[in-house]
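Accompanying notes for the structure given below.
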Amino acid sequence: MCDDEVAALVVDNGSGMCKAGFAGDDAPRAVFPSIVGRPRHQGVMVGMGQKDSYVGDEAQSKRGILTLKYPIEHGIITNWDDMEKIWHHTFYNELRVAPEEHPVLLTEAPLNPKANREKMTQIMFETFNAPAMYVAIQAVLSLYASGRTTGIVLDSGDGVSHTVPIYEGYALPHAILRLDLAGRDLTDYLMKILTERGYSFTTTAEREIVRDIKEKLCYVALDFEQEMATAAASTSLEKSYELPDGQVITIGNERFRCPESLFQPSFLGMESCGIHETVYNSIMKCDVDIRKDLYANIVMSGGTTMYPGIADRMQKEITALAPSTIKIKIIAPPERKYSVWIGGSILASLSTFQQMWISKQEYDESGPGIVHRKCF
């Protein structure tokens with residue numbers, strides 16, 4: 001970017017984490033939990049500067065005395081007041097910028113309701129007075145980040161997973177599939193199976209501990225049955241984890257039983273297909289001529305695709321479903337946790353993109369509906 005141009009802000013609002021930074025950077029400056037916390041108790045000490053709400057890391061660190069809420073559920077914003085708090089926190093506390101001076105690129109879940117995009121647009125222009133904004137689909141940005149224009153993206157975050165086939169830069173909406181199974185469900189499942197082991201995790205604060213156990217110790221088995229047998233026969237797969245109070249817990253087959261539910265949702269009592277079948281079904285909804293290109297470009301993105309072993313297992317499962325002659329390639333870049341944000345950073349700094357922004361002037365003339373004409 002040249003210096004006389006002002007850098008655009010890129011904000012990827014995930015159900016679990018908000019990623020924010022400046023277009024042209026190679027990684028987000030700020031990554032914090034999409035959480036708003038409110039005190040459960042009455043403040044008694046005067047002059048402590050107690051607030052009526054806390055956002056992000058501060059809410060996380062004071063979680064013992066707060067009730068934590070996530071304003072984004074299953075990838076879709078459900079609580080606009082809290083969402084506004086998160087955006088305010090993003091601009092003023094994390095990035096320390098004045099939003100009225102920068103174009104803002106926001107991301108949205110595939111198949112986001114139309115009213116939601118309008119509301120996002122309205123808040124950006126009316127509450128934050130942004131000079132320009134744009135809303136991009138998360139999975140499309142992940143594909144940009146991998147340097148492709150054609151492929152199928154499996155984007156699995158904290159609140160929702162999607163398979164989005166994209167051909168020459170266009171998402172194919174009729175073939176997008178959504179799976180309400182993602183990181184948060186896996187955390188809840190891990191809480192459940194650890195409870196069966198005799199460890200009790202119940203509160204919203206303890207759930208965050210379990211999330212940490214999941215991120216540090218879980219992995220995907222290449223062959224689940226065989227791994228279960230190994231775990232039963234020896235202690236080679238056991239790992240220990242120290243809780244904040246110093247208590248040490250041991251976790252064995254839970255390490256791979258938890259993420260196995262991505263491939264077998266029946267573990268969670270869900271009747272849906274696993275992520276491998278969902279990818280396959282999504283490809284099968286596309287035109288027969290482009291399937292070959294999709295099989296050869298299966299791109300993983302989002303935090304829930306970070307488990308060790310997930311790409312190999314995916315390769316194995318898709319190979320079993322697809323025609324035998326077809327070449328299957330799984331792309332799982334190491335930075336895939338942030339690939340939506342990175343794609344946004346790339347897009348917002350392209351010279352060809354500059355005419356795509358919705359300007360404040362266009363918004364004032366046409367109203368929130370402008371977002372459907374300019375962002376597709």
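These residue numbers are counts, starting from 1, taken along the chain as shown.
Just so it is clear, glycine is given a Cβ too, placed from its N, Cα and C backbone atoms.
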* Name the residue among MET45, MET306, MET314 that Swiss-Prot annotates as methionine sulfoxide. => MET45
* **Site from MET17, MET48, MET83 that Swiss-Prot describes as methionine sulfoxide, others unannotated there** => MET48
* With Swiss-Prot open, pick whichever of HIS41, HIS74, HIS276 is annotated tele-methylhistidine. => HIS74
* Could you say whether, by DSSP, HIS74 (tele-methylhistidine) belongs to a helix, a strand or a coil region? => coil
* To do: Check each residue in the chain of HIS74 (tele-methylhistidine) that is at least six apart in sequence and keep those whose C-beta is under 8 Å from its C-beta; list them in sequence order.
  => SER15, ALA109, GLY159, VAL160, ASP180, ALA182
